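Here the structure is laid out as structure tokens; the discussion comes afterwards.
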Amino acid sequence: MKPPAGMVFLWVLTSLGAGIGAKIVKEGNPHQVYTLTWQIYSQSGEVVWEVQGNHALNTWWPALTPDFCQLAAGLDTWDIPDRSPKNLETSMEGTSQQLTPQGCSKPWKRCALTERDFYVCPRDNRDRATAHRCGGYEEYFCSAWGCETTGDAYWQPTSTWDLITITRNYTKPDSCDDRVERERKTSRHWRDPLSLPLKITFTDSGKRALGWQTGYTWGLRWYLPGKDRGIILKIKLKIDTITQTVGPNLVLADQKTPVQLAIPVQPPRAPTQTPRVNPVNSTLSPSLGYPAPAPGPRPPYPTSPSRPGTGDRLLNLVQGVYLTLNLTAPNQTQDCWLCLTAKPPYYQGVAIIGNFTNHTNAPLRCSTTPRHGLTLTEVTGYGLCIGKIPPSHQNLCSQTVPSVGQGPYYLTAPNGTYWVCNTGLTPCISLQILNDTADYCILIELWPKIFYHDSEYIYGHYEPGGRFRRDPVSLTVALLLGGLTMGSLAAGIGTGTAALIETNQFKQLQIAMHSDIQALEESISALERSLISLSEVVLQNRRGLDLLFLQEGGLCAALKEECCFYADHTGIVRDSMAKLRERFKQRQKLFESQQGWFEGWYNKSPWFTTLVSSLMVPLILLLLILMFGPCILNHLLQFIRERLSVIQALVLTQQYHQLRQFDAERPDAIE
């Protein structure tokens, strides 16, 4: 059976959405709170049910309770094809082709439907064989037994991989047999048109799925006499950023006139021994850093202040630090210098101990976190830590709270403070994400990195002969290696710099820089050729326009332009590039002439140096053995022969006795 064209289009659209859905993942701070809306779509493409809440991603999995008649409204296969999900009534006129006792148009039909079981089959996450066996939309993905993964039937269909479970969220009636009796009994219990609610819960696999933003589709079929009828439903997650209304719309009930901030005036202090607070001539607001409004009548609608420039923001930052320092430590602001660092990091965090607030519902402050995680490279002090603190960061913790509890709670930092986590800077923490991950957070105060110096520090830089402590000097690679290519080796002989220039690594550095400059030259040459081609096209257009305005004296006369000519300076660029290429060739020849006949081997392949270094020692040892091995072996054999001869003589002497010798002339002389 060929499915309708609308079903084929919906199947293709859902397939494409499921394919890209796994790639849609919000990046940035995982504690960021969004407005999450779980929506259920019917087969006609309408949103029949939804629930909304403010939560962090992957933390809110509510039970979805749509009504079956909402999903069946508008379908030709049921008895309310002319109804929408929002205008269902107690009794509705059914269609003539749907005269079965089960349906949604009458209370007794709804009662009869509650006696039946239903089963659910998924469309997504199936392999090709299962999809072929279970069918498509026309069979509600349940064309064969065994395709069902959930439902509320007597055989209890289940699965280990499906994303949801669907059960009935109503009580099954005792009996709905007699129509007259049904009319009387069901007048009270089934008069509500939404009396067939379902309960959809998420499984562990569903909580790990990444395609909820594009949605997943299921087919639900009732176990009825004859052909099992059913519906198609789709579950989708909508993610929105929490917004706040700003504007002069007086229709809004909570519209309030913004308060215009002004600088608080410090009351005069009585003369005491303590130093007074230094006066500050400022027209800046300590909260916003914008100029204070001039006195006068207030405009009918609030006006937005102009955004200050970069210089104004930096000056406001320094002045805000001075105001704070002047108020807290007046002794330190008598004569000082505040210097804003010109290199990162621009902010520092100071760990503190404070009392955080536990919220059941996410406050508005939790939605103001930056999208991208901000990293603090300098955090000092001792403060409050939450989570699994690694050993490298335990020195920042004066008090550690390994676990606050379980549940969908949100921990907000006190006003003026932040949580700095391994995922970034945030004013709010989702407790569920903190417990499920290896995240950790530290309570900090955020301060701009501004150096404080006394007056003597600055004066010492300008007064001749002044003595002051020197700051550490930062040396770059250019300062460390400068002068090696110019032949000034005398200064580096004592530190072994002379050996550095002779190494192959330094020559490779020169070759790498040479290749980089050559690539730059090729890019400029390509740009020059493109410019020539463009100029040719422009000149062709110019000649064409001159022909069109020939009666007016040409294009320049028609435009009344005094200077109307083209100056081609690409020849200068071409000559410069030719000279640069010539210098490249000379430098390449110089590199090749300085290399020995064996040094060129190392430049042929990157692994040749490692191979030769690894095989050199065994080859040298083998060569020495072949050269001196025979001589050493001969001496060793000769030494062994001598030792064996001595041992053989000793063995022979043990088998004989020495005879007595006597002189025949002197028989009495016996030796």
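Placement of Cβ uses the backbone N, Cα and C atoms for every residue, glycine included.
Since this is a predicted model, take the numbers as computed values, not measurements.
Within the set 288-291, 344-347, 656-659, the record from Swiss-Prot flags 656-659 under the feature motif 'YXXL motif'. Comparing N326, N603 with the features listed in Swiss-Prot, the residue bearing the annotation N-linked glycosylation site is N326. Nearest to C121 (disulfide bond) in space, judged by Cα atoms and limited to the recorded positions C134, C147, C631, is C147. Compared over the disulfide-bonded residues C121, C134, C142, C147, the count of CB atoms lying within 10 A of a residue's CB peaks at C121. A separation of roughly 85 Å, to the nearest angstrom, links the Cα atoms of C147 (disulfide bond) and C631 (S-palmitoyl cysteine). Non-local neighbours of the motif 'CXXC' (336-339) in the same chain are 318, 321-322, 325, 450-455, 457-458; each lies 6+ residues outside the stretch with a CB under 8 Å from one of its CB atoms. Counting only the Cα atoms, the space from C142 (disulfide bond) to C631 (S-palmitoyl cysteine) is about 89 angstrom. For the region 'Immunosuppression' (539-555), residue counts in helix, strand and coil come to 11 helix, 0 strand, 6 coil, using DSSP. Restricting the average to the motif 'YXXL motif' (656-659) gives a pLDDT of 66.
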